[in-house]
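What TrEMBL says about this one:
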| type | residues | note |
| --- | --- | --- |
| BINDING | Thr53, Asp125, Glu150, Lys180, Asp184 | substrate binding site |
| BINDING | 151-153, Asn185, 214-221, Glu237, Asn272, 293-295, Asn341, His348 | NAD(+) binding site |
| DOMAIN | 185-347 | domain 'S-adenosyl-L-homocysteine hydrolase NAD binding' |
Amino acid sequence: MKHDIKDPKLKALGKKRIEWAAEDMPVLKQVNEKFGKNKPLKGLRMSACLHVTAETANLVRALKAGGADVVLCASNPLSTQDDVAAALTLEYGIPVFAIKGEDNDTYYKHMHAALAHSPHITMDDGADLVSTIHTEYVNLIPQIIGSMEETTTGVIRLKAMEKDGALKLPVIAVNDAATKNLFDNRYGTGQSTIDGIIRATDTLLAGKNVVTVGYGWCGKGFAMRAKGMGANVIVCEIDPVKAIEAVMDGFRVMEMGEAAKIGDIFCTLTGNIHVLRAEHFKKMKDCAIVCNSGHFNVEIDIPGLKKAAKSVRKEVRNFVDEYILPNGNRIHLLADGRLINLAAAEGHPACVMDMSFATQALASEFCVEKRGELKNQVYYVPAEIENHVATFKLKSMGISIDKLTAEQKKYLASWQEGT
Ligand code: ADE
């Protein structure tokens with residue numbers, strides 16, 4: 001299979017959207033130009049398993065400019081932008097294997113096609129590629145220089161592999177870079193999740209009880225933006241420190257058993273399984289909206305919801321399935337529990353993906369520079385890359401910041417001076 005896309009006729013539209021996004025990705029543009037001159041990825045094959053969006057298109061274009069022979073498959077069956085897939089394949093010569101709404105078999109068929117490319121470097125969003133390499137493509141492991149991981153869920157999986165001694169290649173946890181999670185996870189998820197909920201339902205947030213399940217960076221961003229739209233935000237957490245943080249940020253914190261009775265809109269952003277389940281659905285109000293913005297579609301127990309419901313009306317509106325419970329209450333499940341921000345909206349805006357993807361590109365250059373030196377473990381992104389990305393982002397915004405004076409540098413380096 002050379003590529004697999006929905007419709008070649010979509011390529012012109014996809015090209016326009018890729019170019020539009022590129023305008024808001026100045027740091028990645030600068031990396032692209034540098035890569036074009038230095039070719040740090042020359043002669044290397046790369047397989048990327050990422051959400052196929054206009055922003056991702058600009059990342060893989062930068063990798064190609066750096067000399068890599070790149071192919072791309074989707075990291076989620078519902079997040080692909082088919083026009084972007086067509087343009088990447090047919091306009092930019094980067095083969096894509098992804099069709100929005102593909103079933104599980106096709107999703108894995110596409111991943112196998114990306115791995116048939118025999119990569120030296122991989123890029124993952126959720127660790128499906130790396131985990132498939134470890135189970136079905138062990139022959140590739142000796143040639144793999146390293147893999148980049150884009151998301152919290154993926155890093156959790158990879159750290160579990162490392163702890164078990166199962167990780168057989170070096171990984172860079174791009175997600176854990178401050179230039180990624182402080183901005184993409186917080187401001188990106190905050191805005192795009194609200195966008196997805198509104199596009200799917202056209203609901204008004206003002207005055208609604210919005211239940212944020214999980215108060216990591218994604219949950220914080222979502223809660224902050226829901227509050228800004230006038231919602232009464234309730235936070236559910238299992239981590240006591242994060243729970244206090246939510247309280248002091250001004251939110252009500254309670255157990256899901258209580259929140260389930262009063263919530264109008266529920267959004268899961270935990271990275272964990274079945275945080276909303278039958279015992280909660282049974283308590284929910286009529287027409288409660290339930291959605292997920294965590295990586296996998298496991299946060300809402302959908303089999304449990306199906307079992308608890310007496311009937312289902314599919315697609316009462318695009319991206320909305322209505323589950324009717326024996327007590328007559330209806331639950332509106334969005335996007336089949338998949339990432340609502342990518343399924344019903346367009347994912348995070350380009351401006352914020354700029355930082356994440358510039359970090360991704362520079363992390364892959366770092367892997368090549370350190371070829372043979374990296375151990376089979378999960379590495380943080382080097383501080384120089386983070387500083388480079390942040391400095392360029394500020395510059396592109398026309399913002400300049402203060403520098404330490406010689407006296408201040410000396411003061412910070414000394415321990416003798418006290419009161
Ligand atoms: N993850 C969240 N938003 C995204 C986007 N716009 N592109 C790629 N990955 C994403």
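Cβ from N, Cα, C; glycine included.
Sequence features, as recorded in TrEMBL, placed on the structure.
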{"residue": "Asp125", "record": "substrate binding site", "DSSP class": "coil"}
{"residue": "Glu150", "record": "substrate binding site", "DSSP class": "coil"}
{"residue": "Lys180", "record": "substrate binding site", "DSSP class": "helix"}
{"residue": "Asn185", "record": "NAD(+) binding site", "DSSP class": "helix"}
{"residue": "Gly216", "record": "NAD(+) binding site", "DSSP class": "coil"}
{"residue": "Glu237", "record": "NAD(+) binding site", "DSSP class": "coil"}
{"residue": "Gly294", "record": "NAD(+) binding site", "DSSP class": "coil"}
{"residue": "His348", "record": "NAD(+) binding site", "DSSP class": "coil"}
Return only the integer: C-alpha distance in Å from Asp125 (substrate binding site) to Asn185 (NAD(+) binding site). 13
Taking every protein chain in this structure into account, which of the binding-site residues Thr53, Thr151, Asn185 has the most other Cβ atoms within 10 Å of its Cβ? Thr151
I'd like to confirm something. Which of the binding-site residues, Thr53, Glu150, Asp184, has a Cα closest to the Cα of Glu237 (NAD(+) binding site)? Asp184
Greatest Cα separation in angstrom, residues Thr53, Asp125, Glu150, Lys180, Asp184 binding substrate per the record, works out to 17
May I ask which of the binding-site residues Thr53, Glu150, Asn185 have a CB within less than 6 Å of any atom of ligand 1, listed in sequence order? Thr53
Whole-number answer please: how many Å between the C-alpha atoms of His348 (NAD(+) binding site) and Thr53 (substrate binding site)? 10
Same-chain neighbours of the substrate site, Cβ within 8 Å of the mean position of the Cβ atoms of Thr53, Asp125, Glu150, Lys180, Asp184 and not counting those residues, run in sequence order as Leu50, His51, Thr151, Val174, Asn175, His348, Met353, Ser356, Phe357, Gln360
With a 10 Å radius around each C-beta, find which of these binding-site residues (Gly216, Gly219, Gly294) has the fewest other C-beta atoms nearby. Gly216
Can you grab the distance from Lys180 (substrate binding site) over to Thr151 (NAD(+) binding site)? Cα atoms, rounded to a whole Å. 9
Measuring CB to CB from Asp184 (substrate binding site), give everything in the same chain under 8 Å that is also at least six residues away in sequence. His348, Val352, Met353, Met355, Ser356
